[in-house]
Amino acid sequence: MSASQPPRTADVPTLLVKIFGKDRPGITAGLFDTLAAYSVDVIDIEQVVTRGRIVLCALITSPTAEGTSEGALRATVHSWTESLNLQTEIISGTGDNRPRGSGRSHVTVLGNPLTSESTAAIAASITATGGNIDRIFRLAKYPVTAVEFAVSGVETEPLRTALATAGAQIGIDVAVVSAGLHRRAQRLVIMDVDSTLIQDEVIELFAAHAGCEAEVAEVTARAMRGELDFEQSLHARVELLAGLDASVVDKVRSEVRLTPGARTLVRTLKRLGYQVGVVSGGFTQVTDALQVQLGLDFAAANTLEIVDGKFTGRVVGEIVDRAGKARLLRRFAAEAGVPLAQTVAIGDGANDLDMLNAAGLGVAFNAKPVVREAVHTAVNVPFLDTVLYLLGITREEVEAADWEDGTLD
Ligand SMILES: [Mg+2]
């Protein structure tokens, strides 16, 4: 049969057999063994087990072999399910499943907890866009409840806009990505460092050693009020570190606290063949160590100048600022041979905005409101590995991989 011919089941009589009840080994084998006596073909199977209860749906051709009938098949299946104390429903019809509408997306919902009100609001919002929910399954139960909806019949953009609004209103994280092969393709993930990959702001760690925390905080506040741009505030803050002994670099490195889930995120992405990097408005004195520690493919940041074992209060080399971060994302994507549409960027600050918007998927991670509102996808739970769920990776898969190679966190 050539691919251009319609499936041979298009107009044939078919039966939908649904089995429900207490799960135990052998149900699936038993059902198809029972059906085998009628020489029917299997068109589709869906099975799910939730808290020990199985729902098994089989779409099969109606029996046509000599000496068989639909009535006899129904009677056989019913007596088999009764013997196992299972419920069954058999519905006659024609052909295969209705074709899914054009426009397909994956909607990931993160809840901690996931409430029924939130779930209702998300589902209603999908329906309001004209979308149909084709499948729902759980990606993770810990540390958050993550559920994925496969949606068809609406383009990704309007769905994303509608769900971003709904998610913000009910205070829940919702990510919408278009379905397709690209989701499985090799990717590049680029992260911000301060308050994203790590819980700290590195300049503040240095400032603590220099005894100028208050002055640094004042410059940060001025930058936030819009009185200074990033580069001005960077120079002003670094100037305050002038004269500091270079030995504090090792101390600061040891003080850096990775964000929960950071190791799991990087380890899992590397296993999948993704390339992973960081771009930071902070300092190479710290990002270089993180690159080695986590096995990152790319790292870029500003470099504190050290002369004769002392900080000079200046930075050297190319400045990594808001525009620089987006430029580096493009450069790393080119070096990795990954199209920009296949890149994922994660960040929390205003200087991440260009990078987040340039990436195929930009994730605002526990971000300032101004960033959250300017980016389609936001994660507001404090676990970096939840980004894996946005990529369709389940907690079970992550843990199974860790188990196989004995990784312990
Ligand atoms: Mg940051």
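Placement of Cβ uses the backbone N, Cα and C atoms for every residue, glycine included.
According to TrEMBL, the feature domain 'ACT' maps to 16-98. TrEMBL lists D192 with the feature active site, nucleophile. Marked as active site, proton donor by TrEMBL: D194.
Applying an 8 A CB threshold to same-chain residues 6+ apart, the list for the residue listed as 'active site, nucleophile' reads V278, V279, S280, G281, K325, I346, G347, D348, G349, D352, M355, F365.
According to DSSP, the domain 'ACT' (16-98) comprises 24 helix, 33 strand, 26 coil. The local packing around the residue listed as 'active site, proton donor', expressed as other Cβ atoms within 10 Å of its Cβ over all shown chains, amounts to 24. The average pLDDT the prediction assigns to the domain 'ACT' (16-98) is 95.
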